[in-house]
Amino acid sequence: MSSFHYLFIFGNLLLIFISLTKAASLDERCESNPECIGTGLICHSNLCQCEAPWYKPCNAVCDIQRQSVYEGDACRVDDNCMSHARCDNSSRRCVCRETFSSFNGICRKKYNETCVGNDECVSNICDFSLRRCTCGDGSVPLNDGRCRRKLARLYPNWEQANENKDFCYNNYSCLNLLATCRNDGNHTERFCQCPPNGYTSDFNNQKCIANEIERLSPMNEQTSTDSTTCVFCKDNNAVCTNVSTKDTCWCRAGYDKVENECKNIRYKFIFPTTTDSMQHSFSSGCSINESRVSVQDSLCSCAAYQEYDAATRHCKNIERQWISEHFEYGICTRIKSDEVAQGPISELCPPPLQCRANGDKYVCSCGPNKFLQSNASEAQCVYRLGKPAENSYCPMNADFINGTCVCKAGYNQVNEDRRCELVLEYQETLADCSTSGSIQANNSCKISFGGAARYCRPGVCRCDPTISFPDPGSARCHGLLGVSQPETICPPGSKLPSATTCECSDENRKSNDNRRCDPKSLLYNWNEGTVNQADLRREDCEKLYSGLLADFNLASIKVCQCESTAFKGPSGKECWPLLYTNLTRNILLCYIPNSTPSLTNNRRCICQSGSRPSNSMKKDCDRIRARLEEPIVIDIPDVDPISANDCRELFGGLSELNNSRCVCPEIISFANNDRSRCHGFLNTPTGLPTLGDSDCPQHASRNRNLVAVAICQCNAGFVPSQDNRICVTADIPLVGTEEPLSASNCTNTNFTTDNCIAKYGIDSFCANNQCWCNRKLSFKTNDNRCERFSRYIFPGLHERHNVSCDVDADCTRDNVDINTVECTRRTSATDDYKVCVCKHGLFLNPLTQTCESRCPSDCNNRANSVCNGYDCVCKQAKFNFDNDRCITQHSDVCKLLIDNSECFQDENKCVCKSGYYRDENLCALSVDSRCTATEQCGSNGICSGQRCRCADGKRTQDATDAFGRSIQRCINGVDQIRFSFISVLLFIFVRIFFI
């Protein structure tokens with residue numbers, strides 16, 4: 001048999017054996033490694049798993065973990081190893097390539113060895129001119145081939161630094177954390193010195209001692225008299241920052257000054273992440289409250305000159321009031337989260353105010369020597385009285401004279417030079433008034449209070465008591481009746497028969513004190529008058545009163561009376577006709593509310609349909625109180641009984657009258673639940689031409705296309721109930737949120753997007769015979785609604801000061817888990833304020849102000865998966881801060897585990913940044929470093945006066961950070977045995993009796 005035949009038989013047998021062998025993929029059950037088919041798969045715990053750490057699972061395959069294995073560790077392929085290393089075939093471990101040395105798992109070249117690129121050198125610096133690895137400026141080579149930064153001491157001058165050849169290259173090359181590296185202006189070499197402002201130098205102990213200031217800005221004077229420059233502030237919640245031209249202490253973001261103390265004014269508010277606002281339209285149609293809202297950072301936010309109202313969750317106008325000359329209309333300075341002043345902020349000052357510098361602060365201001373004057377139509381900036389003015393914009397009642405605003409003659413300058421005041425005093429004497437008032441001053445009084453007003457003293461006028469009297473109601477001087485006088489204002493009810501004298505009109509009489517004109521007669525009801533007015537005429541009554549006035553009967557008492565068929569109205573000025581009573585004359589107006597002239601009798605007033613008098617007096621029209629199918633009895637004499645028109649007015653156009661009852665025709669209509677309305681049966685012709693939408697059940701309206709038959713039909717999205725009495729939503733569930741692929745994708749003709757909108761809101765749609773919320777525009781609420789994102793307003797960029805935060809704990813509330821929120825800059829590292837946002841992978845629920853996941857509910861049960869937003873994604877490998885090496889990891893891997901840490905490439909491990917030290921599970925600031933929260937100062941420290949100090953019972957210990965710089969850390973204060981008086985006595989007692 002030829003070799004070809006043997007090969008053919010062997011190949012077929014091999015195929016048969018392979019077909020009989022069990023094959024399994026990732027996460028499928030197995031008994032041994034050969035059963036797992038695929039690159040990098042092994043059988044582990046009876047499941048096919050990726051062989052870790054050289055392969056990683058993603059979806060259904062295993063990917064090679066590239067450049068993830070350090071020198072000396074086990075590998076499978078070369079790609080597993082770090083750069084400049086390979087996987088040794090015999091040992092299956094990563095080894096450095098020739099000419100490279102190992103430095104804690106990474107392969108690099110030592111100082112002065114040949115190189116072609118920076119990444120080859122352990123110092124990351126290759127001198128391309130020499131093609132050798134070298135150290136950077138300020139660093140020196142060590143015996144093991146690495147470079148270490150050389151740290152310089154503090155010196156008072158160049159001469160001492162030069163004597164020790166101890167110069168620096170940058171601030172990080174100074175041994176003292178606070179020192180700066182700079183020259184003295186006379187030499188190019190730089191040496192370490194304490195900062196020039198706010199510090200004193202202690203060269204013996206190599207320390208920079210910072211100034212600590214107690215007084216807070218903004219200050220009440222134009223400029224501070226304190227010449228000390230701050231570095232730290234005594235108030236724990238104050239920061240030293242530069243505003244205008246001076247470094248002073250200001251309350252930090254989220255705090256305001258109250259009596260030289262910083263008080264927390266924040267309200268807790270959570271913002272969506274940038275990813276959240278990119279995936280969801282938080283700003284679609286920001287038309288709430290018209291111009292009060294604008295789009296900022298892709299959010300509907302309070303516009304300029306508006307502020308967020310936490311109580312209503314809407315925006316309201318910023319209102320500014322005058323405070324003082326130094327604060328004018330309020331502060332428009334804010335301190336950002338990075339402790340730098342923000343200003344001027346024009347959005348905080350409603351026009352015409354502007355944000356301007358004023359001493360150590362920015363304030364809302366009209367400008368130098370100006371203030372805001374408001375009247376009924378507008379607000380305008382005008383010059384203060386007596387101050388230099390560039391134009392004639394002066395306060396009311398002031399004149400522009402010789403470059404300044406001056407009150408008109410007679411007016412008094414008040415209210416911090418912002419108002420010209422002139423008042424009318426009600427004392428009826430001029431005896432104590434000045435006699436030296438100018439003609440102009442008297443004219444000012446006459447213009448303001450009438451021709452009988454006289455100047456008394458600056459800002460005060462009085463009425464001349466010989467010819468007038470003051471009227472408090474109108475603040476005017478009224479002329480005395482019958483007294484001759486010039487330019488007078490007559491009392492009400494009087495006339496000017498001549499140019500100089502006030503007299504009462506014919507229908508009135510003069511009072512005994514000559515100050516009033518009283519009517520000759522009051523208005524009385526029929527036969528009510530008791531005082532005869534002999535000089536009273538019929539025309540006098542007609543001038544005084546209106547309506548159905550009685551004719552004079554010469555034999556009766558002369559008074560103004562209503563007719564016997566009328567009564568005195570509520571104002572006492574009209575005679576209203578009685579209802580359902582035959583009157584003595586035709587009438588066009590019935591006066592009584594809800595009454596009307598009778599269509600059949602021009603001399604009769606009746607109640608409108610649906611109303612009747614409340615009692616037999618017949619002086620009002622009250623709505624009939626009744627229900628459908630109840631007897632309605634009108635038992636007032638001469639008043640019409642219930643009518644069909646009354647039924648239609650009370651219960652709708654479909655109602656009919658049947659035996660003194662209002663009823664609904666059974667075939668075409670029915671009474672609603674509280675029997676207050678007749679509603680037409682759905683899809684049933686009513687034959688009522690005037691059928692209106694109010695005659696139809698809720699969520700139904702008249703079909704405008706079928707005019708003749710007048711039918712009630714359900715509105716779009718609603719369906720009739722079985723008895724055709726109500727419109728209900730369709731029996732279709734709201735499943736979740738999704739991107740709408742088309743307007744409607746429902747195959748069942750019984751369901752449409754209209755059904756979803758009717759039941760769950762305008763942003764829902766139908767797909768696969770289910771309702772979904774439009775994911776881009778809305779979210780699903782707990783009570784099954786599609787709530788639009790853009791319904792919710794966020795504080796504007798100009799007011800983020802009030803919603804800022806310092807640490808994650810500032811973001812928690814009763815319903816907010818600290819594990820779901822974080823305090824950070826929302827859109828970028830350059831944001832002015834740190835605010836509370838949802839953590840990565842979570843979305844904001846703006847209704848509840850909480851953070852939630854919206855990925856599939858079974859995501860956490862899927863192997864190697866984790867929830868991120870709407871999606872399940874592959875898990876990332878865990879990293880150990882202390883034990884794992886960091887160069888192969890994500891650039892921020894150390895920071896993601898512990899804040900203020902970094903990957904120290906010289907040693908390939910995570911360390912705390914310069915100026916920090918490791919304290920339990922955080923990197924803590926060195927003692928005397930600037931801080932904003934106690935958490936930054938470690939377990940034994942506190943943040944007090946904007947700097948880290950040791951807590952009570954703790955003490956400082958000298959140390960160095962990971963880069964060799966001098967720091968101080970806080971440790972337990974019990975460092976030696978301390979004997980108290982009682983412990984000494986106890987020792988003596990034991991010594992005497994037991995030893």
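Glycine residues also receive a Cβ, built from the backbone N, Cα and C atoms like all the rest.
Automatic prediction, not curation, is the source of TrEMBL annotations.
Predicted, not measured: the structure shown is a model, and the values here were computed from it.
The domain 'EGF-like' feature in TrEMBL is assigned to 74-108 (among others). Long-range neighbours of the domain 'EGF-like' (74-108) within the same chain, counting only residues 6 or more positions beyond its ends whose Cβ lies under 8 Å from a Cβ of the stretch, are 40, 51, 54-55, 64-68, 114, 119-122, 145-146, 885, 887-888, 906-909.
The feature domain 'EGF-like' is assigned by TrEMBL to 114-148 (among others). Long-range contacts of the domain 'EGF-like' (114-148) within its own chain (CB-CB distance under 8 A, at least 6 residues past either end) are made by residues 83-84, 99-101, 103, 106, 108, 168-170, 172-173, 905-906, 964.
Summarising the annotation, TrEMBL assigns domain 'EGF-like' to 167-209 (among others). Residues belonging to the domain 'EGF-like' (167-209) score a mean pLDDT of 91 in the model.
The domain 'EGF-like' annotation in TrEMBL covers 229-263 (among others). Long-range contacts of the domain 'EGF-like' (229-263) within its own chain (CB-CB distance under 8 A, at least 6 residues past either end) are made by residues 195, 197-199, 210-219, 223, 333-337, 339-341, 343, 357, 359-362, 801-806, 833-834, 930, 932, 943-947.
Under the heading domain 'EGF-like', TrEMBL lists 331-382 (among others).
Marked as domain 'EGF-like' by TrEMBL: 677-728 (among others).
If you look up TrEMBL, you'll see 850-887 (among others) marked as domain 'EGF-like'.
Per TrEMBL, domain 'EGF-like' is recorded for 930-971 (among others). For the domain 'EGF-like' (930-971), DSSP puts the residue distribution at 4 helix, 22 strand, 16 coil.
Among the features that TrEMBL reports, signal peptide is placed at 1-23.
The annotation transmembrane segment is assigned in TrEMBL to 977-994.
Each residue of the domain 'EGF-like' (74-108) gets a DSSP state, and the totals for helix, strand and coil are 3 helix, 15 strand, 17 coil. Here the domain 'EGF-like' (114-148) is broken down by DSSP into helix, strand and coil counts: 3 helix, 11 strand, 21 coil.
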